[in-house]
Amino acid sequence: MEKPNTKQVLLFYCVEAEELARKVAAQSPLITLQSINWRSFDDGFPNLFINNAQDIRGQHVAFLAAFSSPAVIFEQLSVIYALPRLFVASFTLVLPFFPTGSFERMEEEGDVATAFTMARILSNIPVSRGGPTSVVIYDIHALQERFYFSDNVLPLFETGIPLLKQRLDQLPDADKIVVAFPDDGAWKRFHKQLDHFPMVVCAKVREGDKRIVRLKEGNPAGCHVVIVDDLVQSGGTLIECQKVLAAHGATKVSAYVTHAVFPKNSFERFTHKDDGSDKAFTYFWITDSCPRTVKSIANKAPFEVLSLAGSIADALQI
């Protein structure tokens, strides 16, 4: 039996995530935005104030975070640790992008697996009157990272793939779509959610000193191929993958990643230029999990933003 969604949620947010927070609130009359005064002392350390602290007692409270750089994490953690202690009925942390997820293992003694460090920090969020904090994360880099969190919090792992499927259904060549994975990791991660599409799997192989991308299985010839992965940094693998797929006869190549990190404006490698040069990617879909990137790539082809707002609004009702 379906439970009606009737939970009134008060949503706080960090400065960077304001636009996404407004979109989330627009999804449901049950979500009301709240505010925090984000200030700094002269020495740079945060001077924070949670507005209406007494009015949120007994209410369901959530915080939308964006850990875009180490510099902003401390001020947001200060708020995240304070909110559950204000006698709230329940507390939910929404962290769309778990930033240290790609450093999740030690390859030699001395490596520091910062994904585990971040999970331990979040596992120590105080319990609220309603019990442990719920931590909502989208497409965490490695699935085993769910076990890095302690029993003090309840991690909820969501995905942006339904947004991609919805968008692919709207394409004029929806019947010609083939999904490609840049490596076995991406295939293991996403193939079950996309198993109604024909699939292509690429692989990185070592040739001398170089690592090159090869087609491992599947046939992209005559199709619109969409490369799917959880995140992009410099984009080098996607570009190599596109070249291989085009060489094997793909008529169009597009890409989807949930988290467009793009450090040092590396998205510029993908933008369509006006000089008539080859447009390698027809579409490049990303979500708004990394607000800084979304601002930087606004209205730049081939990028299209698929918003997580509706999915976050639903998660807040769980």
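Using the three backbone atoms N, Cα and C, a Cβ is placed for every residue, glycine included.
Worth saying up front: this structure is predicted, and the values here are computed from it rather than measured.
Feature annotation (Swiss-Prot): of 14-29, 30-45, 222-237, 254-269, the stretch labelled region 'Binding of phosphoribosylpyrophosphate' is 222-237.
The C-beta environment of His141 (Mg(2+) binding site), restricted to residues of the same chain at least 6 apart in sequence and closer than 8 Å, consists of Phe98, Gly101, Ser102, Glu104, Ala115, Asp230, Leu231. Other Cβ atoms within 10 Å of the Cβ of Asp139 (Mg(2+) binding site) number 24 in total over all chains. In three-state terms derived from DSSP, His141 (Mg(2+) binding site) belongs to neither a helical nor a strand segment and is classed as coil.
Counted with DSSP, the region 'Binding of phosphoribosylpyrophosphate' (222-237) comes out as 2 helix, 9 strand, 5 coil.
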